[in-house]
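**Q** Have a look at the structure that comes next, please.
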Amino acid sequence: MSQLTHINAAGEAHMVDVSAKAETVREARAEAFVTMLPETLAMIIDGSHHKGDVFATARIAGIQAAKRTWDLIPLCHPLMLSKVEVNLLADPEHSRVRIESLCRLTGKTGVEMEALTAASVAALTIYDMCKAVQKDMVIGPVRLLTKSGGKSGDFKADSHD
């Protein structure tokens, strides 16, 4: 089994030293879902929500969150992201919104946390914008879909819906 990288020999939390690592292209994708009543989703789709464009606001929030991950998650490195993408898709069949984020950089550490943070904060933003019309929306699951680059190799989540 792998070791926890953020715990030192004394069992204390610490920031991982990446100074000796090679710079490689690293990319991660994550997804999150927000499930809601069909009426709430319809307001988002037809643009009748009184707070404005829910998807545009959630997209911007997700992008901003990816850029601030180092400030939100202890022990994350500040990264020079070269690409952050947040896509939102209304899924009327399941009465939910699917959020997929992509983060990419050329650097010494991965971007999994940035991708997960982008998807999570976009989901939280949808909740925030729609809570006046529905408070029992459900956020989740949130998960890493893919990761590439770096010493630990590539990862691809099992597909399920």
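Every residue gets a Cβ built from N, Cα and C, even glycine.
Here Swiss-Prot flags Asp128 as active site, drawing on sequence analysis. Residues or ranges marked as substrate binding site by Swiss-Prot on the basis of sequence analysis: Leu75, Cys76, His77, Met113, Glu114.
Map the listed features onto the structure and describe their local environment.
**A** Counting Cβ atoms from all protein chains shown, Asp128 (active site) has 15 others lying within 10 Å of its own Cβ.
Cβ-based neighbour count (10 Å, all protein chains) for Leu75 (substrate binding site) stands at 12. According to DSSP, Leu75 (substrate binding site) sits in a coil region rather than a helix or strand.
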**Q** I need the least crowded one of these binding-site residues (Cys76, Met113), counting other C-beta atoms within 10 angstroms of each C-beta.
**A** Cys76
**Q** For His77 (substrate binding site), just count the other CB atoms lying within 10 A of its CB, please.
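**A** There are 14 of them.
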**Q** Would you mind pulling the longest C-alpha to C-alpha span across Leu75, Cys76, His77, Met113, Glu114, which the record has binding substrate, in angstrom?
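**A** So the maximum pairwise Cα distance among the substrate binders is 13 Å.
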